Amino acid sequence: MKRIGVLTSGGDAPGMNAAVRAVVRKAASYDMEVYGIKKGYMGLINSDFVRLDSSSVGDIIHRGGTFLRTARCEEFKTEEGQLKALKNLEAFGIEGMVVIGGDGSFRGAIALSRKGVPTIGIPGTIDNDIPFTDYAIGFDTALNTVVEAVNKVRDTATSHERTFVIEVMGREAGHIALYAGLASGAETILVPEIPFNMDDICKKIINGYKRGKLHSIIIVAEGAASGFDIGNKIKEKTGFETRVIVLGHLQRGGTPSAFDRILASQLGGKAVELLKDNIGDKMVGLVNGELLVTDLEKILVTPKPLDMNIYKLAEILSM
Ligand code: F6P
């Protein structure tokens, strides 16, 4: 393979730039050319291609977001959209693709592979809801962002002896909430994977105050409940002064952590190795420190379970 393309798709995640850099520079080491596709699958359809050489990906390893831009594209889900994209790829002589994104983006990667353009998926989403990889690019940075925010909330929560409900992202998954909850010492963690009972939550808060706790921090995954609903119920049932914060998109921004940059570099490099050997329709991930190559089809039909050992530990430690 002599010429490949790379795009970022779906929600941006810190470390995507580091992954693009790795793709471009690893490809250069094999004398392969790289085209960046702007705005995800939209750029494939609109032929929004830009030649990337090693120097054009300089000074981006530390930047959040994605310099290629990203988008969610309905048109690429249609046969017509996919055929337009294929025509553009052919016109540019692009023989293989790297797609950096979440599971929605991988559906497009499967479509491209099936239509004769070998495509490798790289997991990039703060939600960390992709199976066959311990971590997706962006999760570690988002986690650190949440923990930093909770640290700050703790200061004011203690000063006022208040209960704080902090809603975090994660779509239908609770990985951000769980890991951030453990790392920040939250009293309660609500995730969509595990049912919860408001009476139990309120009892725990009341007992905590009785034992002399100065505040209570409840982390709610957006897929479990609305932070405002939980906050209102706590206020109603306990009478405690309660405040609610929705962290929102600030979790997606910021300079990527060292971990995310290293992960992105490893996955980007491996993706190019596979394309060099004409292998497509796979995702590269990292499991127990080892690079793992998995069929994209398998990724879409396998759920990523929440780590129940971490959940139980967080519960024990949050007494
Ligand atoms: O998938 C990443 C994510 O940030 C989710 O956690 C969140 O539910 C969603 O994207 C938000 O999407 P948008 O940026 O389109 O509002």
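Using the three backbone atoms N, Cα and C, a Cβ is placed for every residue, glycine included.
Taken from TrEMBL as is:
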- Asp127: active site, proton acceptor (ACT_SITE)
- Gly11, Arg72, Cys73, Gly102, Asp103, Gly104, Ser105: ATP binding site (BINDING)
- Arg21, Ala22, Val23, Val24, Arg25, Arg154, Gly185, Ala186, Glu187, Arg211, Lys213, Leu214, His215: ADP binding site (BINDING)
- Asp103: Mg(2+) binding site (BINDING)
- Thr125, Ile126, Asp127, Arg162, Met169, Gly170, Arg171, Glu222, Arg243, His249, Leu250, Gln251, Arg252: substrate binding site (BINDING)
- 3-275: domain 'Phosphofructokinase' (DOMAIN)
Spatial separation of Thr125 (substrate binding site) from Asp103 (ATP binding site) - C-alpha basis, Å: 9
Cβ-Cβ distance under 8 Å to Lys213 (ADP binding site), same chain, at least six residues away: Glu187
Arg243 (substrate binding site): secondary structure state under DSSP, collapsed to three categories: strand
Pairwise Cα distance for Met169 (substrate binding site)/Gly185 (ADP binding site) [Å, integer]: 18
Sequence-ordered binding-site residues from Gly11, Val23, Arg25, Gly104 with Cβ under 6 Å of an atom of ligand 1: Gly11
Where His215 (ADP binding site) falls in three-state DSSP terms: coil
Between Ser105 (ATP binding site) and Leu250 (substrate binding site), the C-alpha gap once rounded to whole angstrom: 22
Minimum Cα separation from Asp127 (active site, proton acceptor), reported as the residue among binding-site residues Arg21, Arg171, His215, Arg243, Leu250 that achieves it: Arg171
Stretch-averaged pLDDT - the domain 'Phosphofructokinase' (3-275): 97
Integer Cα-Cα distance in angstrom, Arg243 (substrate binding site) to Arg72 (ATP binding site): 33
Per-residue Cβ crowding (10 Å cut-off), top of binding-site residues Val23, Cys73, Met169, Leu250: Val23
Intrachain C-beta neighbours of Gly11 (ATP binding site), sequence separation six or more, cut-off 8 angstroms: Thr70, Gly101, Gly102, Thr125, Ile126, Arg252
Assigned element (helix, strand, coil) containing Leu250 (substrate binding site), judged by DSSP: helix
Cβ neighbour count (within 10 Å, all chains shown) around Arg243 (substrate binding site): 15
